[in-house]
Amino acid sequence: MSVTRGHKSTPSLLLLFLSVLTSLLAAIPVLQANAPSAGPGVRILRPPESTVAPSGDEVVFVCETSLPPEHFEWSYASTRSHAPRFKYLKSSSAKNNSNITITNDNDISKLRVIVRPETLGEYRCVAWFGPLAVTSTTARLELATISGDKIAQRSNWRVAAGNTVLWQCGQVVSNPAPTWSFYYNDIEMPAASTLSDSSGTLLLPHVSTASSGTYTCVATNTASGQRLAMPRRLELQVPSAALPSAAPALLPGQSVRTEVLARIGETVLLLCPGVGYPPPTAVWSSPDVTGAVYNNRTRVLPYGLQIGGLQPKDTGTYICYLDNGIRPALEHYIQLVVQQAPRIVRPPSANLTNEGEFMVLECAATGTPTPKIYWLLNGENSVYDTESELPANGSLILRRVQKRHAGCVQCFARNVLGEDSAGTLLQVNPTQIQAGDGMGTGGMGRSSNRNAHNRKQKQMVPPSAPNVTRLSDESVMLRWHVVKNDGLHIQFFKVQYRMTDSGKRKSWQTTNENIPYGKQRHDSDEAVRNFTSSVTGLRPDHSYRFRIMAVYSNNDNKESNTSGKFFLQRGAALAPLPVPELLDIKEYSQTAVMLHWHLPSDADEQLISGYYAYYRPSASAGEYLKATIDGAKARSALISALEPGTIYEFKLQSFSAMAASEFSSLKQGRTQRPRSSTTAQPTMHTVDTTTPTHNETFNMNPLLTGTISGGALLILLVISACLCLCKRRHSRGDNSQNKPRLAELREDFVPLNTCSPNKPRTRHIHITLNPLAQQQQQQLQQQHQQDEKDSQDNELGYFQRQPVVYDAETLGFNGLARMSSSSLRRSQRTLERAAAGGGSGGNNNNLNQATDASLAASLDSPRLQASNKPGRVILKRSRLSSRSENLSSGSLNSVGV
């Protein structure tokens, strides 16, 4: 096989260029970026985290991936712009910018930023794996600030002993949230006196005269360490004497927080301020939350309700009822909102789609506040794509899928608490460009003629670039396709690969296996034909590139586009994939079976991209054939191109971009056996009103078919019976009318008499053995003739002479011995009795004992008996043996008829 390539036309180069744009490495499921996942595949293990820092500090953003990418990039959007758009920070610009430094080390990239007003904003990490870009969640860089009230305010409270005092020091705006320090008579108080909220509330439970004094506070920014002394002051007086009774009420300037925001899992304290005399007690209730007060997570305090381990169901309205027995009681209504970071509950899912088709990708997320959903296509926001549309439900609509959409599509859900992301691989099958498409009609005449000549020749349409999936530490699985085309037929494929991470460029290695194309033409409804093959003998922890070489019917070849760089990682670094379980294998046709399987859990669908099916005849020990089943949601698949009536063994394997699962258990299935009977089997057919062509076969009703077949069989039986009967009669007629060897029979038979139904039968046989009995014999003959005339019997009979057997000892060897007179007389009497019995219809067995069986059958024939023609009754002479031949000239004097 020659691998030398000839001249390529401009359409072929254009086809190659378009194929490069749409070639994909593998299905890369992008899992949640804000938490490491146990699933396999390429993902962001550690995304950059948001940071608040003072001006001039150095901040380091760290991004770590599960596999080393080809290269890292960082994108940045400034918060100073009204509509920020992310831009890539190029390495060259980073070197020239002293505020930004990028360092990459295998699978970790670090971005060092000096906090300046121009560097504040959002940052993303982008890991490139060939043409695919996996983007991290957003990290914000914010400046540490703190500010508060500047108006001095003094509060004078007079409270009866035993009450609980709650004082808010003031309102501050701080990023991050500040810490508070309280002072009593300019002496710092223990931290336990401060409640754990950002409003700076001072708690003084069960005040006494010792609690009287002056109180102040200071707020401190935890990031910058900046302290802010609040101008508010509290003068508290607790008299020792009893005060008059009073209903519960708020102190002057005291406020109630009617809305409390807290994160899920935290502990929150709902305050119920108010004093009275005697000191009131608080009673809590909630009309929205059933059992919200009295459970193992709540605690009722004199000054509030404490709820631990917040859950979304704790959101609602809480009512505090302060009562000391004096009316009116004091009520506070507090709204608790449990906030939750966004979490994607329905990630997007996409498979191979054709260029120009309409596509909808869905993504659903939960969170409080309701998260906002946006999409990235290979790191670029979908709002800048002219073919995309974002409806209110958060899905992504691609009105016409383009080649630029191929790659990693990610859905991001975002609210004030953070972000979550999930992604899928979108594969785009480009529109096939045939030779001569898009070429103008103008130009020189010679060029036009050359182009017209080129258009008449069939082109070598190359296969697509292979998708690569890891199978083991030393093998990968390649998947590619060939679009339906009118080009030259492909005979077989070859796989080529080379290592790319070594310093010296290595040559392409070619596998020994010839991968057959199969049928030379696509099926009518098959737009794309998929192929699968494995490559073994690779080295782990190295990068490879792959390509497919197609050999055509003209014995020339053409290679596909090269795959992206694929890093073959050791299996120890990858988490195992779910193993599918084969449930059933059903007969589908004589050449196909249907596989049915399931996964241990439907949640495992997010970890895989599809399945590999392996099969071979159970009686064979050869290599397994392979088939690829795209889509993690698939639970059945049709395996075709099998042999009729053959038992096959099957096993399945799930796969993702970077790994494959263990094999499922083997299971056997059989294709349908060929039909050995011509009886039509009842099948379901759709109604077709079109006229069938000459090569189409009608499917008749089984009842009608059986009726016609039975009638035809009955007619054949009747005809056969008639033919057999006629043949039998004809055979009997031939036996009676056309007797063979007539001349010989005349010599051996003696005519008895003519026979006619209208004439009396005269049977007379006289055998005179000696002259002495001749006279007596004549008298017997006359009497016999008279009896024959009276009987008028029309029956026909044949009488054969009974041969006389003589003893050899009496006759001697030469047969010349003379018989005694007594023996002759006994013979005479025997014959006379026989003759008399034959004439009167008596027993004639002695005379007819040696009659030929065939002759007797002829006599009994109705055809012969009914004949009106005169017949001859002949009696066959019995031939004597050599021992009795002397009788003719001896004692036997005459035989008369």
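Each Cβ is built from the backbone N, Cα and C atoms, and glycine gets one as well.
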Swiss-Prot annotation, disulfide partner of C363 among C272, C408, C411: C411
Annotated stretch (region 'Disordered', per Swiss-Prot) among the listed ranges 434-468, 504-538: 434-468
Bond partner of C125 - disulfide, per Swiss-Prot - picked from C63, C169: C63
CB contact flag for the domain 'Ig-like C2-type 4' (342-429) and the domain 'Ig-like C2-type 2' (148-235), at least three pairs under 8 A: no
Fewest other C-beta atoms within 10 angstroms, as judged across N296, N351, N467, N530, N561, which are the glycosylation sites: N296
Glycosylation sites compared (N99, N393) - highest count of Cβ atoms within 10 Å: N99
Residues of the domain 'Fibronectin type-III 2' (579-674) by DSSP state, where helix covers H, G and I: 6 helix, 48 strand, 42 coil
Whole-number Å value for how far N99 (N-linked glycosylation site) lies from N351 (N-linked glycosylation site) (Cα to Cα): 42
Spatially closest candidate among N99, N296, N467, the listed glycosylation sites, to N530 (N-linked glycosylation site) (Cα to Cα): N467
Cα-nearest neighbour of N393 (N-linked glycosylation site) within the listed glycosylation sites, N99, N296, N467, N561: N467
Interface-richest range of 40-147, 148-235, 579-674 toward the domain 'Fibronectin type-III 1' (462-571), CB pairs under 8 Å: 579-674
Among N99, N296, N467, which are recorded as glycosylation sites, the nearest neighbour of N561 (N-linked glycosylation site) by Cα: N467
